[in-house]
Amino acid sequence: MAPSRKFFVGGNWKMNGRKKNLGELITTLNAAKVPADTEVVCAPPTAYIDFARQKLDAKIAVAAQNCYKVTNGAFTGEISPGMIKDCGATWVVLGHSERRHVFGESDELIGQKVAHALAEGLGVIACIGEKLDEREAGITEKVVFEQTKVIADNVKDWSKVVLAYEPVWAIGTGKTATPQQAQEVHEKLRGWLKSNVSDAVAQSTRIIYGGSVTGATCKELASQPDVDGFLVGGASLKPEFVDIINAKQ
């Protein structure tokens, strides 16, 4: 990892937890040592964004897990970037594979959400990744480049964007991409940014890995030159999340 890219660890709590056990988790995180050169962000369920922001130390930022592409309106069940900011959160996760594949969000919609969230001043954790059949068909690059292009077309300022590579076959399955597999895709993504955006953006943009990251797998993954951090699912609800935060130490 280049010295200019601050290590980034995001915890995606998904649709898990209640105030009692999330409060206990927050107590653990507040007591944890967060290295000065590591940025930590937690994404609680929407109902608990306010709760998490009030309870978490300032050293840990808060993200929403999703948002819509407009400011206000008749969009039952949706939240806007302005609402997210009003609750004290500063980031949003967009394009997660569960949004794409469970809820049918298109590349186009994700791109529109990215544009609106950035325009409203949120940082964006933009997720991309291939399914198992796509990897086995040898089209990983094609899939992730297409997804990245739609995101890139909607980004003016890359300083507020973290790109999260999450191979869909490794999310919640216990299968982790090997450090070499992760590095290979991250390196190609950085190459794509260099060719299609700019060398400066390629060098400065953090590309993080997601997909069954645990306390046991994080150190070797973190040692790869183009792996700039993690987006963590299940393990972010456990005390081992502290080990992942300290993966570079």
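Cβ coordinates are placed from backbone N, Cα and C, and glycine is handled just like the others.
What Swiss-Prot records for this protein:
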| type | residues | note |
| --- | --- | --- |
| BINDING | N12, K14 | substrate binding site |
| MOD_RES | Y68 | 3'-nitrotyrosine |
| ACT_SITE | H96 | active site, electrophile |
| MOD_RES | S106 | phosphoserine |
| MOD_RES | K149 | N6-succinyllysine |
| MOD_RES | K156 | N6-succinyllysine |
| ACT_SITE | E166 | active site, proton acceptor |
| MOD_RES | T173 | phosphothreonine |
| MOD_RES | K194 | N6-acetyllysine |
| MOD_RES | K194 | N6-methyllysine |
| MOD_RES | S198 | phosphoserine |
| MOD_RES | S212 | phosphoserine |
| MOD_RES | T214 | phosphothreonine |
| MOD_RES | S223 | phosphoserine |
| MOD_RES | K238 | N6-acetyllysine |
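Mapped onto this structure are the features recorded in Swiss-Prot.
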| residue | record | DSSP class |
| --- | --- | --- |
| N12 | substrate binding site | strand |
| Y68 | 3'-nitrotyrosine | coil |
| H96 | active site, electrophile | coil |
| S106 | phosphoserine | coil |
| K156 | N6-succinyllysine | coil |
| E166 | active site, proton acceptor | coil |
| T173 | phosphothreonine | coil |
| K194 | N6-acetyllysine | helix |
| S212 | phosphoserine | coil |
| K238 | N6-acetyllysine | coil |
Recorded positions compared (N12, S212) - the one with the fewest other Cβ atoms within 10 Å: S212
Tertiary neighbours of K238 (N6-acetyllysine) (same chain, Cβ under 8 Å, six or more apart): none
Cβ-Cβ neighbours of the residue listed as 'active site, electrophile' (radius 10 Å): 29
By Cα-Cα distance, the member of recorded positions K14, H96, E166 nearest S223 (phosphoserine): E166
When distances run from the Cα of K149 (N6-succinyllysine) to each of the recorded positions N12, K14, K156, S212, T214, the nearest one: K156
Top Cα neighbour of T173 (phosphothreonine) in the set of recorded positions N12, Y68, S198, T214: T214
